[in-house]
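Since the structure comes first, as structure tokens, the remarks are kept for the end.
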Amino acid sequence: MILLPFHTRRLVSHVYCGLKPASKKKGIALEMARPSSNLADFREAFAKAKHIAVITGAGVSAESGVPTFRGAGGYWRKWQAQHLATPEAFARNPSRVWEFYHYRREVMLTKNPNPAHLAIAECETRLRKQGRKLVVITQNIDELHRKAGSRNLFEIHGSLFKTRCTSCGSVKENYKSPICPALAGKGAPEPDVQDAKIPVEQLPRCDENGCNGLLRPNVVWFGETLDSNLLGEVEKELEICDLCVVVGTSSVVYPAAMFAPQVAARGVPVAEFNMENTPATTSFTFHFQGPCGTTLPPAIARHETELIS
């Protein structure tokens, strides 16, 4: 499946495909569509769940001070992320794109998981001891879930700290700072900063024997296909989960935008934790508005029915 910005109308029409026509009593239909914010009811569903799928987006990392590059202020220099995170942008100007990703890597090396990341990781560990399962499906490329201790983790859009050779295809972890000498001190995000225009031969290169090919970030760019094997594993998890928790995602990037609505269409409870409503909010059972680091931890903390181990 290809990574695309997802148009609101397309999402809503797909979510409601196959449902009965809306009632002519519009007030009643709207009332039925409104998700609950009753924490006790969510906690009851949480206590019963044996297989929980947690889907996370940029909002969960924003509280760690990670730039989201979305919304009105979502610019790096003069560009929005969707204008840099494409194969075409890299082909046209690999120096500029590498500056952008070098900046993001350097920022992330200074950031730590916040209470939401830690609560998810702790919950996974706790439930594992009870014979229950929690998996994390994240759109984020910052590795904060990994840093927090999440093990059942699907990073569907890749990682800032992995590179892929454009020649031999080799994928490797890379935590170097800077990633190459020419990028040292480069990547400042202010709009008046000029491009470094680094010669391509000085950009990150492959260290496989005899290759020396140009490296690129091992992330999924807009217009690229997600790893089919990874996506297949994710789909299996979504097909068997009995509770879905959506944290800090805008629900506008396809295909991840469809994950939770598809779970909801099975009649499985879905809870959204976000700073604001999203195009998918009305298809969910629960919606808890506010900072994820505040709203999520008490929601997935140890339930009174859980055995202490």
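Just so it is clear, glycine is given a Cβ too, placed from its N, Cα and C backbone atoms.
According to Swiss-Prot:
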- 36-306: domain 'Deacetylase sirtuin-type' (DOMAIN)
- 57-76, 139-142, 248-250, 274-276, Cys292: NAD(+) binding site (BINDING)
- Tyr101, Arg104: substrate binding site (BINDING)
- His157: active site, proton acceptor (ACT_SITE)
- Cys165, Cys168, Cys206, Cys211: Zn(2+) binding site (BINDING)
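Here the C-alpha separation of His157 (active site, proton acceptor) and Tyr101 (substrate binding site) works out to 14 Å.
When secondary structure is read from DSSP and collapsed to three states, Ser61 (NAD(+) binding site) falls in the helix class.
Put simply, of the binding-site residues Tyr101, Cys168, Cys206, Cys211, the one whose Cα is nearest the Cα of Ser61 (NAD(+) binding site) is Tyr101.
Other than Cys165, Cys168, Cys206, Cys211, the residues of this chain whose Cβ falls within 8 Å of the Cβ centroid of the Zn(2+) site are, in sequence order, Thr166, Ser167, Gly169, Ser170, Asp207, Glu208, Asn212, Gly213, Leu215. Just so you know, the Cβ of Tyr101 (substrate binding site) picks up 23 other Cβ atoms within 10 Å once every protein chain is counted.
In the three-state DSSP scheme, Gln139 (NAD(+) binding site) is classed as coil. If you average pLDDT over the domain 'Deacetylase sirtuin-type' (36-306) in this model, you get 96. Under 8 Å, Cβ to Cβ, and six or more positions away along its own chain, Gly57 (NAD(+) binding site) finds Thr138, Gln139, Asn140, Val247, Gly248, Thr249, Ser250, Val253, Ala256. Considering other CB atoms within 10 Å as the measure, the emptiest surroundings among the binding-site residues Cys206, Met275 are those of Met275. In this structure, the CA atom of Arg104 (substrate binding site) is 20 Å away from the CA atom of Cys206 (Zn(2+) binding site). The binding-site residues in question are Ser61, Gln139, and the one with the fewest Cβ neighbours inside 10 Å is Gln139. Over all protein chains present, the Cβ of Gly248 (NAD(+) binding site) has 26 other Cβ atoms lying within 10 Å.
Counting only same-chain residues at least 6 apart in sequence, those with a Cβ under 8 Å from the Cβ of Cys168 (Zn(2+) binding site) are Cys206, Glu208, Cys211, Gly213. Rounded to a whole number, the C-alpha distance linking Tyr101 (substrate binding site) with Phe69 (NAD(+) binding site) is 12 angstrom. Taking only the Cα positions, the spacing between Cys165 (Zn(2+) binding site) and Gly65 (NAD(+) binding site) is 30 angstrom.
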